[in-house]
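Listed in TrEMBL for this protein:
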- C:6-30: transmembrane segment (TRANSMEM)
- C:42-63: transmembrane segment (TRANSMEM)
- C:83-107: transmembrane segment (TRANSMEM)
- C:114-136: transmembrane segment (TRANSMEM)
- C:142-167: transmembrane segment (TRANSMEM)
- C:187-207: transmembrane segment (TRANSMEM)
- C:227-253: transmembrane segment (TRANSMEM)
- C:265-293: transmembrane segment (TRANSMEM)
Amino acid sequence: MEEEKEDGSMAITDLSRRRFTQLAGLTGAAALAGLGLPDAAEAAEQAPVDPEFPVSGRGRKLEAAYDPNTDEIKVNDEVIVRYSNCVGCYAMCGVRLKLDRDSREILAQGGNPYNPCNAYPVLPFDEPLTEAYRTMTQSPTKQTGAATCCGRSLGALDVYLNSYRITTPLKRAGKRGEGKWEPISWDQLIEETVEGGKLFAHLGEDREIEGFRAVRDFDTPLVPDAPEFGSKANGLIYCGGRTDGRGQTSTRFLSMYGSSNKYSHHSSCYGAKGVYPYQSGDGDDLGIDAENNEYAIWMGTFPGANGGSVMSDLKRVAATIENKQAKIVVFDPNLGNGVVTPAQDNAVWYPIKPATNSALTMGMIRWIIDNEKYNEGFMCAPNLPQAIKLGFNACTNATHLVIVDEAHPNYRHMMHPEDAGLTPSSAENAFEDQYVCIDAATQQPAVSLDCDKGLMEWEGEVNGVKVRTAYLFLKDSANEHTIEEYSEICGVPVDVIEEVASEFVAHGTKSSVNGAGGVTSANGTDATSCYSTLAGLTGAICMKGSIIATFVGVTGPGNGERYLLSKAEGMPKDKPDARVDRTGFAWEDTSEYKRRTAAGEKDPKPLLPWYPGGVGTSDNQMVLSLANGYPHKAKILLTWQCNPIKATPGAQREEVMAAFKDPDIIPLAICSDVVEGTFAHMADYIVPDTMYREHFGISQHAAWWPHKGNFLQWPMVEPKSMKLDDGRHASFDVYLCDVGRKLGLPGYGDEALLSATGEKLPFNDACDYYVKALANVAYEDGVIEDLSDEEIRMQALDTLPEAWKKAVTPEEWSKVQRLLSRGCRTWPEADTWDDQGRQTYAGAYMVNFYSEERGSVRNHYTGKFYEGALGWHAETFSDGTPIADVYSREEYPFGAASHKPYFRCVTMLSDSALLRELSPHNYLEINIEDARELGIKDGDTVQAINPSGDVMEGVAMLRGGTARGNIGISFGYTQDAYGSTDLTVGDETVPGNPAINTGVQLCQMLDPQVGEGAIFAFSDPEASTPGRNGGMFKLVVPTA
Amino acid sequence: MQRAETKSGKRPFMLVDVSLCIGCHACVNACKFENELEIKQFNTWIETWDAGEYPNVVRANVPHLCNHCDDAPCLAVCPTGATYRNDDGLILVDQEKCIGCKYCMAACPFSVRWQNDAGEVEKCTFCVNRTSAGLLPACAGNCPTHARLFGDLNDPNSEVAKKVAELGAESMLPELGIGTNTCYVGLAETNALPKSSSVLHGGRVAVKLEEMGA
Amino acid sequence: MIAMVWNELIVCYLFLAGLGAGSFLLASVTGWLSGSTKKIRLIGSVVGLATVAVGTLLLMVDARAGLGSPARFFGLVSNLGSPMAWGVLCLSVFLVIAAASLIFQLAKKKVPKFIDVLGMLCSLGVATYTGVLLGAAKAYPLWNMAILPALFVVSAALAGFSLVSAIAYFSARDELPSLTFMPKAEVVLPVLVGVLFAALLVATAAVPGDSAHAAASLSVQRMLVGSFASVFWIGVVVCGIVVPLVAGVCRLISKRRDVTNVGMIGYVASCIGEFAMRYVIVMAAVSITLGAAF
Ligand SMILES: Nc1nc2c(c(=O)[nH]1)N[C@H]1C(S)=C(S)[C@@H](COP(=O)(O)OP(=O)(O)OC[C@H]3O[C@@H](n4cnc5c(=O)[nH]c(N)nc54)[C@H](O)[C@@H]3O)O[C@H]1N2
Ligand SMILES: Nc1nc2c(c(=O)[nH]1)N[C@H]1C(S)=C(S)[C@@H](COP(=O)(O)OP(=O)(O)OC[C@H]3O[C@@H](n4cnc5c(=O)[nH]c(N)nc54)[C@H](O)[C@@H]3O)O[C@H]1N2
Ligand code: SF4
Ligand code: SF4
Ligand code: SF4
Ligand code: SF4
Ligand code: SF4
Ligand SMILES: [Mo]
């Protein structure tokens, strides 16, 4: 097979590499070919003589020893073990670092036994650290509780130890994207980005660039004559951040700065999962209770292969399969490397065509309705207390009336008491609005809160207004097609649809259904609604074993018992309605629309679509907006820890890259990155940052885990980024602190952070903020105990920086130490369920069979309303035209389904030589029968071509594990920068390593239906999210 | 399960449950870090393929590592005595004695041995430094589904002994009749399914679909 | 990716050891012949000693770790259960005997009978051992313990006899007729090689056990039609069997049974052929672990 070409990097000798490192502020690449671990001789020299902790020729210092005869554990003093979070990928598992006590060298990495992601069973928070050591031993009770990290996580460690790392500020020394840089001082970085000026005059660029100060102008509108975009301060467009709990510092910065153009990767990540038209309530995301179910349908996440928490889902699902507690079925175009394995019979994979989830679901619903297998009692409970009385934990709007009178001002909205001439109820209401239903007892309209049972199937007039129940919309929608037709669309056989539907209802609240990235398609709004709609038919929501509320923990945790961290005096209030990403705002409300209609234009169309009902904020649309300079350009683009161009399938193309390199569209581009990623490559300034293991973050859990907990990252090792004169290490957090202080932003400087008692405390470094936030977590919902001296010593927590200690009171510090020692705080699992199996942490949920949020929104191209109920809708372009009406399905018979990589992490980790060795490139995965029909052989070079003419060329892998009609593609391969191209700092050059840029990247077509000349990647017309899975492709074998 | 006796009376043993292995490579990479192996050196690897005929397909992942054979062919052929058996029955290599003749590599039916840069032969040691101190080997200690269970087979209380008692244990190449101390559950069942993709090592094609004469 | 442990270096070693053993065998046998064979004996001894010595050197070069720390070679006979330990003993004794024989010849003294006897035994030992070496490696079904030793002995004889005869054709043509058994041997040996090789293929293809069977069939397939087909058909079959056989038959049925240019072609071909045979046997072998993946 292909040999790795490391030649480029190998050309640099050790010496010059070290010199380069010093000069250029890059570290790493200690051993390009090896893992960068100390050589054998060195290791032998270091080997301890202690016979209790033997070290053979290979093998590292031991953390402890265990005697099976006495069951005793003896901890090795020379080694410390610390717990924190892994951010190898966004699953945010816990991590365990084994460090040499003296040198603080990283000896090994594993999982955190206190974190439910890595350990199942998980070690309760109160268990002593010696019990954590026990999970690493052959102790007969603990092996299956061993805390683990995944292979990628160790790839991320490889990257941490070995890749070239940006450690000092860099300023562009050539054109954007040329990879030429000069190292600059921290002060120069702050000065120039804040004050602006003719920053690149020495490169012959005469442009006057506005810095943070000039852009923070609340008096000048950002877009003249378009007040909806607010003031010029909104010209700061920010993108970055993950669910790693580190976003709090940038959130604070943006709100103090006063820009609402703040994006993270949510839209490109979970797609339409960010819109919940079919569920109301105050919870966040819903997921599968993998631990307690009897039947689970995974539809858009492959347990073990991907998922919000790969490891947590995997461990729990694997356990239910092993102990025969559950049967699980996975509908996926790709058979993932996950829990569907040989030699077990209770996990089954069913291939499904990409972007057809709702056809499958509608088939199931049709069967459930036809056979009256739904839970009528549950559905007819018209309010939450009534549903709870019946033993459930959520309700539905099945019985709620919807106004279908076209003349009525609330046409297509839910009927409210006022519309029905009823007096609103005084009963307590978990939801914002009150609804009306037909009381089953009186057969008369009633406020649903005041009624015990409503009618599910009713239509007629109430108060002279034509109405029908929400349920009828779903029923009609299901009846649009026969089960055979649904089967034909999604490629799942009729008997499978029927069997899965019948199993799903048979297990009642012990069955569950969900998915995530699989819903990221142009009809993703339907796909994401499938889950709650199905649960609405059985009551399987927020019950033990069903669909559960996730992300349970201390939210924020900015404002708590001890500190009020999200507040500051003088916070700007300017919050414009419209943002550059065109979501949450209707085209008809824009000034442009008004201006053009006033000028006599009939039914004007925008250059790019607007999304009144879309996800909150949309990184992918932000990228497409800037690529087109529409609806406006940027003043400053600040990016951190993200790559929304690569994350948006179809956006990674020349025209888009050109726009990002164009100072007319983006006058000032600042990127914080640890390596020269795509955005850093195209930036004016690179802000060095700490990496995980080196910084703070406090998160709730992305895992589908029903219990309560907060999980933390903390600097377990000293950051490799440059040390500033005052002892702080350069990082994005410190950058924002210093910019905030220089600008005089509220909430920055020496009197910035508020304690609960009203004290004003300094904010100059990440620890000032996060150590206080940790104190909030420690005191929340039952204060935790102090950490014992013995355990402090075990982890050397007495050697932590003084600055951390000073950030809180001595009383708080000891509790913070306890949190650090566990890398998390979890609350007792027993508190999660009430005696009837209701999830106590769940918010109030209502399943909407009819969604007014969706049903009352019109597509501004067609003027037509979207459907209010879940239904099967083929993928369409923005203007509602089915893609198959524009291009020929016969010519482009394939869809694509991308899946998360096993040996990369989203767009990252191709700089790990270890992961490249395991997987040098990805493949175009093609069904074995499809391939044989096309004459494609395993290993052939093939091209997948979309109707826009984009060619993805790659190596064919023939699989029984790919659905017919699908092209499977692992995400994360190919790089336009990231070490694949030459990087020059000062007068030294690290040659690009072509092995970093291998494989194929999914490229979706352009939407031909948007405005003239626009570059617009195929997107979900409702949610605004990428049309990632699905699309149209043909497969061609290139003739040489 | 009947095993040859060892001097210490212990029987370090690994049981790999193929139905639990998802090919995540947590074990492979943990082994690399623990044993400081270089990029192209592997004490253990995973073979992955699609098993079954479309649409009834499952994903097979089979970990490979040294079997610490009772009747070890590598031990038999090593001329220098560099390959030896320790008191617990582990087959180890004394690198100081190894001349790098590779006879052991040719003799090992499982191809688990490799040469280091100096030409000495190495392989999985069952993490003897860790396991002899009562710790888990790096791979089994980092397997998220505990598809790899490790412990003393002669201790009826160990998890591995219990699972073996319940489910039995298969050798990788049972026809050779070599007593192996790495055993499997579900391997024969897995191998009985027709293969519908190439066999991968990690993400690399190791054996092409066409070559398998399927 | 088809894992292979030994490479061309070992092929050369196996070939040279066989060639040397065959040559020296011929040299030793001359002790029993009536005609004048001094020069041929000298040729066989020099060739035998040199090729085996070079082969042994290659073996040491292949054992990189030993080459790096030569003291480790003293450990080579630690495990007498290992065919390689016996092989090393054989090679050592062979080298001593061959050297001794040569010394007697160079000193123009009569080579004692016991040295000839030992020489024959050592030659047979070295040739057999090269087969046993492979045969003991259970991972490769192609390396069949029942057949390889015999095959390697006859092919060593064929190659060694041929090489010595060829050299003698130029420098000791007068002595050639003294090798009275040669015309027959030149027919019998290629036939035996052919028969044994066929037996090897048959035995390999019929090896029991799923994985072993798969690996074995792949080995056979690689030889007959796969990536080693040309070496196999041209090298092993044509050069190693057919041409020597034809040449041998020509000589046998010719009146004077002289070595002719046709015979020379046969000699050269058989050397090439016996090299090719070892090459395909080493290189086309497929390990049964790969079989396990089938
Ligand atoms: N291995 C690995 N795990 C990861 C990551 C990683 O990089 N690598 N990244 C992490 C991140 S950032 C996230 S957000 C999560 C995401 O985790 P998921 O959302 O679970 O991951 P995806 O791979 O995007 O999509 C899930 C599955 O949906 C399938 N799919 C695609 N189209 C369709 C469809 O139309 N219908 C159905 N039913 N299925 C479809 C894909 O084949 C894939 O197997 O994973 C996290 N875990
Ligand atoms: N085709 C296809 N597209 C997809 C997906 C898919 O499955 N298929 N998945 C989607 C999903 S789920 C997601 S989450 C997105 C991912 O998309 P994003 O979240 O936008 O991208 P990332 O890969 O997380 O961002 C990578 C950048 O962050 C930098 N970085 C890493 N660590 C640090 C750090 O500690 N500090 C700083 N300052 N920078 C750091 C890296 O060097 C790199 O340049 O992609 C989405 N796009
Ligand atoms: S799944 Fe992601 S977060 Fe969890 S251990 Fe693996 S790389 Fe780290
Ligand atoms: S860690 Fe476990 S599940 Fe993962 S590949 Fe290794 S054996 Fe299989
Ligand atoms: S598996 Fe191979 S290396 Fe390990 S003991 Fe058995 S024969 Fe020797
Ligand atoms: S390579 Fe080393 S361990 Fe293997 S047989 Fe030769 S001397 Fe023994
Ligand atoms: S037991 Fe140790 S050496 Fe062997 S494969 Fe596992 S981690 Fe590697
Ligand atoms: Mo994601």
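From the backbone N, Cα and C atoms, a Cβ is placed for every residue, glycine too.
All annotation found in TrEMBL is predicted automatically rather than curated by experts.
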Listed stretch, out of C:6-30, C:42-63, C:83-107, C:187-207, that has the most CB pairs under 8 angstroms to the transmembrane segment (C:265-293): C:6-30
Contact yes or no, the transmembrane segment (C:114-136) and the transmembrane segment (C:6-30), 3+ Cβ pairs under 8 Å, gap 6+: yes
Cβ contacts under 8 Å made by the transmembrane segment (C:142-167) with residues that lie 6+ beyond its boundaries: 14-15, 17-27, 40, 43-44, 47-48, 123-124, 126-132, 134-136, 176, 179, 182, 185-186, 189-190, 192-193, 196-197, 199-200, 203-204, 207, 216, 219-220, 240, 244, 259, 263-264, 266-268, 270-271, 273-275, 277-278, 281, 284-286
Cβ-based contact of the transmembrane segment (C:187-207) with the transmembrane segment (C:42-63), 3 or more pairs under 8 Å: no
Positions whose Cβ lies under 8 angstroms from the transmembrane segment (C:227-253), at least six residues beyond its ends: 155, 158, 162, 183-184, 186-187, 189-191, 193-194, 197, 259-260, 262-263, 265-267, 269-270, 272-277, 279-280, 283-284
